[in-house]
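This report concerns only the one structure given below.
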Amino acid sequence: MAALSSNLLFSAFILYLIATLFFGGSIKAKKDLNDTKTTNNWGKIAVFLTIVGFISQLGYFITRWIAAGHAPVSNMFEFTTFFGMALVGAFIIIYFIYRTTLLGLFTMPVAILVIAYASMFPRDISPLIPALQSYWLHIHVTTAAIGEAILAISFAAGLIYLVKVIDQTKSNKKTFWLEFVMFGLVTVIGFVAVSSIFAGAGYQEKFNWIDKHGNQAEIEYLMPALTGPHEGELLTKDGFKPLVEMPAIINAKKLNTVIWSFAAGIILYALIRLILRKRIGAALKPLVKNIKLDFVDEISYRSVLIGFPVFTLGALIFAMIWAQEAWSRFWGWDPKEVWALITWLFYAAFMHLRLSKGWHGEKSAWLAVIGFAIIMFNLVAVNLIIAGLHSYAGS
Amino acid sequence: MKDVKCECGHVNPHGTVLCEACGKILDEEEKKKQLLDMRYEGSARRSQTYSKTIIDKIWNFFSSVKVGVWLIVITLIASILGTILPQKMYIDLPPEVYYEQEYGWFGKLYYQLGFHDLYGSWWYLLLIAMIGISLVICSLDRVVPLYKALKAQRVTRHEGFLKRQRIFGINTLVNQQDIDIVKERLKQKHYHVREENGDLLAEKGRFSRWGPYVNHVGLIIFLFGGMLRFVPGVYVNENLWVREGETALVPETGEQLYLQNNKFILQHYDKEKNKTFEKALERAGDVVKNYQSNVVLYKRSGEKIPGEKPKLEKVKDYKVRVNHPLTFEGYSIYQSSYRSEMNSMTFNLINKKTEQSFGELTINLQDPKEKYDLGNGYSVKILNYFPDFEFAKNGEPSTKSRVPNNPAFIFRMTAPDKPKGETSFVAIRQTIEPFGDNTYKMAFKGIGTKNVSGFTVRKDSSLWVIIIGGILFMIGVIQGAYWNHRRIWVQHKNGEVWIAAHTNKNWYGLKREIEKVLEDTNLGNPEDQLQSETTDKEGV
Ligand code: HEM
């Protein structure tokens, strides 16, 4: 069952990749389209492949659920994969409301990145600690992820808006920040690339080190250690000698991964720029030629409108119900909870600004991008850096 | 202040911008605009009308969405600060020590700024309170006039009103048949169509306009529920430790409830039995599967008589586990922690030289006996017992608490050859013989432990208020987000047929709907007057 599950996930991943190519094709071949005919054959194939991929991933989810005996949303790999799946699902729904394949071209790569990122975490089926043995937890986590996924569609639409509206003939703050977003996405590829390469090569090295309480411990690196642990002593023969040693309060191993990812991201980005000979934002511009600005603006806002209630229900209300049962209080100011609140406040501010200050169009698109950044921060940084009750520690 | 009578005959409250009934522009400023500000139907909002007294000023301050958004943003940023380092409830050292020790100067500064208890700080609560006030005032300022205006609206609208709608178009040469078709189609699309002198007003989803107000009311109730917690008696939050086999009074229940802990159970996942988790368990080591206390809940029956043992009546047997609290009469008892406590110590009375044993004794650390008779003339008396031993500042032995964390004894050992007895001080890994060389010794043999379950006792009578607030909030956001308020006017003006339309959000959807409704008729699609050339130009 577990093996079948992995295969289904892998096929979904491949299908998403191919679908993305077809989405690209559908935009390129857009010339024969007019007002009454909104999708060409490329687009139809792309959507079909997306749906097949989604069903395949649903198969992964169900088979893994059967194998594990609990809904597979209980560690970093499972949760992030589910988020990727929800993203595809949300896209399919929004697609059938607005029928624009361009949205697919921007959403699918994000979903692919999310799933690739997820796969860098340990994929073993893990048992549930007592606090997690609650169906409310599963309802909470899945609903929250679906809400976040719908909100993420507004990011994809916002990105389309920005690519289209920002003048690439001169460089300024706007072009810089748009490239910054693109660079962020490329860095995720960088992380996936270095992780896979070193994992493929079976790289490891071990250190003895002294933690901040003065205790000796052993730590294993899966990438060559650029930043070594506090008073680290390399145990592995022929291991890479750290370039610098970190003080005990810094998690040298995570920092090392971050540095490697950024290094890879920078190299990849530089390569892309070399090949394109212009900014990524500029290179994407021809793709968005045919879309109307206020149309994407509306898709973006609509996704927020649809996603916000789902997010509130999942990330706050169901979370409170579960917390009341498991920890005896519905709210405890745990970092993960606070970041859900921050996300919620942010989107509330977004909607108020839009409704009453008339922040439509470009401003609204930037806000959608920031919102997505907050969601990603909650998913990545809060889980991995700011420890708390929710952090899937160790995995 | 005087009310304003419009030429259509409707009497509007002072401060009205657009006549509630016909939409004629009453305010000169508004006339200059190309498009009307339709957000609150140009109704007379208190905040836009009065600004004399202090109360007006406060009202106006809090009724501004700009202020509301600032409050939200400030709260958001403040909340971020609290997640940089762990809050004080998640640390297990005194804060004045913890932050500096763990995070150096930064931690010290964090602590000094009070960020270690950010969410309980007065200024954070003040921010939340201000959001609450802002919500109330802002909502009241808008919902009443908006409700009145939408209720008073008439089908036939003033020319200036129609012309300045975002979606507007003029048709000449229209026959009545087409208008009838349009009317039918609008009805099919679930519009509520009203007709007056051949003019049409089609409207749907008006209730979605109340969504934000419903959700704000929900939020206010939620915040109010949160505040109730500060009222004495509403909120109980106590820790309760009960040893296995013992019965304890549940605190804050008016000495009504008693909890007996029969057994504490701690289970781990077994690699052999759970093959699915084998790999994960190899990586993670021991993973706890279950924390459980088998308990019996009792209720006192009859009057409480001081000095007498209460009479208890059994209420129920329950297995308290994480995620499965025991609830009874509004109280919930949660499995929250456990510890294992020394329960007994066993010693051998031996002769130090020959190591011969003269008997064994086990001391119950909760309730030690005074004297242990070992037979054949051997006995041991406990002269003094320190359950949680330490040397006090003056060098005397003393005890920190009554919990047997570090038991120590002063024994008097009597034997046939030592009828007066020998004194010995015995603590863990330590024996002191105050009077020199003893013949006998209490040799440590072993300890017995017992589990103690840690429970959280919780009663929260404000919970239902919070639940109602939450439900109302959800209803409100869904109402406002998943529906929208659309109106389409089809009216005869100057021998032409004018079409105008308005929605509070989702203009694209409205335009598509109008296209469908007007399909194959003589009526042309109205224009979107806002979608100007500049915003819609092709990318360069
Ligand atoms: C954190 C708290 C708040 C939340 C979650 C919240 C939520 C919402 C939501 C979801 C909407 C509907 C927006 C839309 O449909 O796009 C809304 C509208 C609105 N909110 Fe809030 N709100 C909050 C605080 C406030 C505050 C403090 C004020 C007061 C200044 C305020 C004033 C308004 C107004 C005036 C509207 C628009 C109503 C309309 O134009 O029909 N809100 N709010």
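The backbone N, Cα and C atoms fix where each Cβ goes, glycine too.
Bear in mind that the values here come from a model prediction, so they are computed numbers and not experimental data.
Feature annotations, courtesy of TrEMBL:
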- A:6-24: transmembrane segment (TRANSMEM)
- A:45-67: transmembrane segment (TRANSMEM)
- A:79-98: transmembrane segment (TRANSMEM)
- A:103-121: transmembrane segment (TRANSMEM)
- A:141-163: transmembrane segment (TRANSMEM)
- A:175-199: transmembrane segment (TRANSMEM)
- A:258-276: transmembrane segment (TRANSMEM)
- A:260-390: domain 'Cytochrome c assembly protein' (DOMAIN)
- A:299-323: transmembrane segment (TRANSMEM)
- A:338-355: transmembrane segment (TRANSMEM)
- A:367-389: transmembrane segment (TRANSMEM)
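Contact check: the transmembrane segment (A:79-98) against the transmembrane segment (A:299-323) gives at least three Cβ pairs closer than 8 Å, residues 6 or more apart, which meets the contact criterion.
Under DSSP, residues within the domain 'Cytochrome c assembly protein' (A:260-390) fall into helix, strand and coil as 107 helix, 0 strand, 24 coil.
Sequence-remote contacts of a segment are chain residues at least 6 beyond its ends whose Cβ falls under 8 Å from one of its Cβ atoms, and for the transmembrane segment (A:258-276) they are 182-183, 186-191, 193-194, 223, 226-227, 282-283.
Nonlocal intrachain contacts for the transmembrane segment (A:103-121), taken as residues 6+ away from its ends with a CB within less than 8 angstroms of a stretch CB, comprise 9, 12-13, 16-17, 19-20, 23-24, 26-27, 43, 46-47, 50, 75-81, 83-85, 87-88, 91, 94-95, 152-153, 155-157, 159-160, 185, 188-189, 191-192, 195-196, 199, 287, 299, 395.
Note on the transmembrane segment (A:141-163): residues 71, 73-74, 79, 82-83, 86-87, 89-91, 93-94, 102-103, 106-107, 110, 174, 178, 181, 281, 284-285, 287-288, 291, 293, 296-297, 299-301, 303-304, 306-315, 318-319, 340, 343, 347, 361-362, 364-369, 371-372, 375, 379 of its chain, located 6 or more positions outside it, place their CB under 8 angstroms from a CB of the stretch. Mean pLDDT, taken over the domain 'Cytochrome c assembly protein' (A:260-390), works out to 88 on the 0 to 100 scale.
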